[in-house]
Amino acid sequence: MQKAKPIELELAVVNGIELPGHWNRMFEPRVISEYDLSVLDQVTSIEGAESLGYCYQCGKCTAVCPVDTVGDYSPRKVFRRTQLGASLVDSPDLWLCTTCRNCLRVCPKEVNMIEIMPAVREQAVLEGKAPEELLTAFENTARYGNPLGEPPRKRADWVKSAEVPVPVMSQHKAPVDVLWFVECYPSYHPRGKDASVALARLFNALGVEFGILGTEEKCSGDSQRMAGEKGLFEMLAEHNVKMLSKYQFNQIVVTDPHAFNAFLHEYPKYGGQWPVQHYTQFLAPLIDQINLTRPISKKVTFHDPCYLGRHNGEYEAPRNLLKAIPGLDLVEMGHCRETAYCCGGGGGGMWLDSFVRDYTSQRLSEKRVREAVEYGADILAVTCPYEVSRFEDAVKSTGNTGKLEVRDIAELLAYSAELI
Amino acid sequence: MGSILVVTEILGGNISDTSRELLSKARELSQTLGAEVVAVGFGSESAQALARIDADRAIAVTGQAVEQYLPLAYERSLLQVMEQESPQLTMIANTTMGLDLGAGVAATRGISLAAYCNGLAVEGDEIIAQSQVFAGKLLAEAVLPSEGAVVTILPGSFPASEVEGHPTVTTVDAVSAPGMSLIQVLEPEKGDVDITRADILVSVGRGIQDPENLTLADELADAIGGVVSCSRPVVDAGWLPKARQVGKSGQTVKPKLYLALGISGAPEHLQGMKDADLIIAANTDESASIMDVAHYGTTVDILDLMPALTERLRGE
Amino acid sequence: MRILVLSKSVPDLVEELALDEDSGELLHDDMTYVPSEWDDHALEEALLLKDEVGAEVTVLAVDTGDVDNMLFTALAKGADHAVKLTGDFDLATSNRKRAQAIANYLRDNPFDLVLSGVQAIDDIDGQIPAMVAGLLEWPHASVVTEVSIQGDQIHFRQEYGGGLQAELAAQTPLVLGIQAARKPPRYASVAKVRQMMKSSTVDEVDASADAVPELEIRRFFKPVAAGHAEMIEGEPDEVADRIITILKERKLVRG
């Protein structure tokens, strides 16, 4: 067994600056010589998972990891357990990370769980070690183009309840300004559909020239990618890029921050390069043109979606929309913006509810709902399609029914504009 | 004169209820067609059992090879009978035996088969078979050829014959088939509970989605004073033992209350529970077959409904 | 031990079935097809046998026009070979004709064990495994679970009504209609399926299309439901309240 060598130099020179021994340790791997590192090496040899080896156990991640507040998981612990010889591929740790990105924000060594998790999970999926409920979501997505297993032909059925024109590109046969990428939960989930209807009416009220792909749209696949099914993601990306390429439009507007992330960072690799905005970013500059006549005289707090905020830096657009609603009193929770909590749905968490429940004391969504109640909010405003159902379930399970409502920002705007 | 051959199943010295259903239909068809009803049974007890049924003739296949049920020996022996009789129509129940024998003998003899049949009628000189396909979502009508066809019939499709008859019983020797043998009969695993004796069944299907969610069903069963049962996919997935399965290959139940949760209602399942006193079904698809036999239905998510019910029952 | 797994695709019941209600004909081209669920179990059982005793697994489908993905998925799961029987086949091809093509293939290509799903949702003219066995006059059993290889014999369980089962032994060649595999069918990652599409081939075998006795189907139609449940509308809490009321009225719960 080759033991790793501790690096504790008397004097290190970093970028031309002399650093004395007692703190150059901060820049070099911490003492790990007492351990057989073969298991760690197995993990860090996976493409994408290299940075796990950079961890020097400072624990900054543990302080901010949302999962650590409800369970015994944090990136530091992942490193430590791997260092001690526990295989990550076989560990429940592998499925607890929601890829919320809070650890990477504070990590001095850039241990990147956003890359480590998908890479190692891919290995686990290949070895047949992924939880069954997650595989069902994969199978549904591969077969039906959505993780819910809903009929692909009914993807645009929600449009009927919009009661305003929602042009489907294949029938529209004309260029549009905005191609609205609706995504799965907004197409199929009852509460997701409510937000879609609200947004469709807002677009119509604003006179936006828009269209949707309808049944030609499939899941953007970003969360499946984070959950370890890269091949599935690629298949979906190729499909969506091909469908989108058939039509003329100026920009894409997405309902889902996860789709936003895919269009910003991943789809260009598959030839899909279009300007893309989250719908809150699209609406924010147009807010003066929306006739917000009906006041919402409530205390409202906003949950920053991980993939809109921390992943992609947008914190203001949703807040500007909320502030424009007459009577609305926006209160911030302790965990907000960069430090926002996570709903637990990202990185495949949406499809691992039962699995995660076994390893946590409460759901992340429940923790978040309790925080919103603590800050006196009447309404928890959200803007990610995973969240309405997750938080509404959490409101019930924490016994807060009647105390806290969960509303998508699109719903709040449409309500204030008397469109719903 | 043509004949209608009815393949009977004999259990504990008596012919099964399903076989009686086939006999009643065969008698009805025979009167229109002017054909005779010939019943065939297997094993040493068959001659006695067949002697009391409503058939014109009966054939008892006896011999060591058919003393216990063995698909191969039964198939070979039935083929021999069919060879001799050349029946206009052969009726077999869609049980395991029907699945073993029906399509096999039809293929060997080069004749047509209509499977999952739940209706047979004579129109002019043609026999029309009605079959249930696509998990009960569609029916199909097939015109059976006059030179002989096989139909496998869903149990429960026709009223059972109550008529006692006096057919002439002939005994023929079974065809031995050494290629297949019985190792042992495995009695039903009774497990911890006997679902056939429970007054209230909380029955879960594919809609339970994940084995973890069974806790919700357990809690509900506990609160309501019932027992958890399930449909086939739940057993196939290994989430509950076979002893808990309701349906054709599981148990037939007749509780006072059957809560069908996330069960779509495949014909095989309905067969095992449709006679429950009160059936309340929760399924996201309002058009699911279970709703056709349920007294009350709802499309709310069972993962929401189960805890909601439990909470109310515990609050009482 | 050479195992042949028969697989076929069937209309996906998640989507509406496409039926021309005037003519009573199925509109095959308007339906989405998915692998028959029971066949997935047959494949899983075969792959478990391969894992245990090193059997060679070939998966076969009749080329009805949409089977490549299904075959590559089987290869990705661990099947050794994939065979597609080509000829005059389409989605409307009867089971009887498919069985004939498969039987012809088996006459030329010896296998010890043939596994298939015990049935499929569209088996109106009979189940394929039983017909293949009948045509070849091979032994066959349906509603089978727990297959094992014991020397030159195959042991398996057969399920009857009421939870009764039997353990049987049979000589090869043998055809078994699988009810359920011992484990849920395994997942093949999309990357692996795609890799198979690049790196492996599906053997195309021309299958002679003999005339077979076809069942004359006059029409398909939707059943008229004898009755329909009285639907309880509302949120889960409202539905639960109503159910409790019904149960109380019938004295099924106290109160």
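Including glycine, each Cβ sits where the backbone N, Cα and C put it.
The annotation FAD binding site is assigned in TrEMBL to B:R206, B:231-232, B:245-249, B:262-269, B:N283, B:301-302. Annotation source TrEMBL lists domain 'Electron transfer flavoprotein alpha/beta-subunit N-terminal' at B:4-187.
For the domain 'Electron transfer flavoprotein alpha/beta-subunit N-terminal' (B:4-187), the model's average pLDDT works out to 94. In sequence order, the binding-site residues near chain C (CB to CB under 8 A) are B:Q245, B:K248, out of B:Q245, B:K248, B:I263, B:A266, B:H269, B:I302.
Residues near B:H269 (FAD binding site) in space but far in sequence (CB under 8 A, at least 6 apart, same chain), listed by position: B:G205, B:S231, B:R232, B:V246, B:G247, B:K248, B:I263, B:I290. Summary for the binding-site residues B:R206, B:I263, B:A266, B:I302: the Cβ-based neighbour count within 10 Å is maximal at B:I263. B:Q245 (FAD binding site) counts 25 other C-beta atoms within 10 Å of its own C-beta, drawing on all protein chains shown. Summarising the environment of B:K248 (FAD binding site), the number of other Cβ atoms within 10 Å of its Cβ, over all protein chains shown, is 26.
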